[in-house]
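So the structure is just underneath, and the comments pick up after that.
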């Protein structure tokens, strides 16, 4: 169909008329306006043959007329060139231009077909090539695939905990956007934006089984649940997109903050009406680490990193430092762990927001767990002494599979 349309566009069917050869004019006087292209004759060479029929001298109102002889069609005496003769050959279109246009049309049509009829050519290719995500399980779970990029890979050849955190944050926002709850704020509903309210994370727990590498596909599922009267819990399950192996599990607690007063706020009734239909009645995917995080100082800390300052790109739309950035600052004072160990789990308690002009220091105290593996407690604080984040990290020797394929998407009532 595309070929027919392209052909018709450049080769319209002409009506059957006759071409005249005027005596005295020779072959130079062939009028190509009457050439019949509707039925080209076939030949072994595939060339185009034209049939021209001679007729009598044309007449107008009974008076015979004829074209002037070629000798009279010279230009003025001061010119030496002769007007080009009107022949069949020099009246043909530029075939190279037509062929180029037809080729471009075919290539454009083929590209559109490829996008519309896209299918994975291999079983290990990304199922969701554009990372748009989709709603599953009765509209309560949002699912999105990510392909691990080369810039997400570190010196060990695997992705980092920060990349995991970015995937979690992206799916959370896409979930709210897909179900129509994303207003003007960063993760806020329309009713929240009208009241200058935003969501801020209060606690985050992540357990990592295995870190993917470049080219791997990870599937992230996320859902939300109520947490008390004025909080929300969001969970994530990260799996290998090809094998279904559980790579990581995460659970977080969120509260509302007023952007004008920078104070925590209760959930207004109109906001609650908007978000409660999307809450699942299920247990957290990660058991809460109820151990109290100790307060550190220069005396109790083993490692101290001073002079940490946020850059402009570390800020999000809510004008405070993105929570993913805190992990990098915490690990700044844990460099000795990174050479022989990998991060198996992390717990973070967010106590105060960090703004653009703040200066921080990172403190770490190291110990060992029951297996003899390293375990650290952390503190990020402003130079004024105010605490920003408390945390705990669990480590294991590199390339150890700690908890297999534990974890699944919950169902209502579990």
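Keep in mind that glycine also has a Cβ here, set from the backbone N, Cα and C atoms.
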TrEMBL annotation of region 'Disordered' - which of the ranges 22-50, 51-79 it falls on: 22-50
Residue distribution over DSSP helix, strand and coil in the domain 'Acyl-ACP thioesterase N-terminal hotdog' (139-273): 31 helix, 60 strand, 44 coil
Arithmetic mean of per-residue pLDDT over the domain 'Acyl-ACP thioesterase-like C-terminal' (299-396): 89
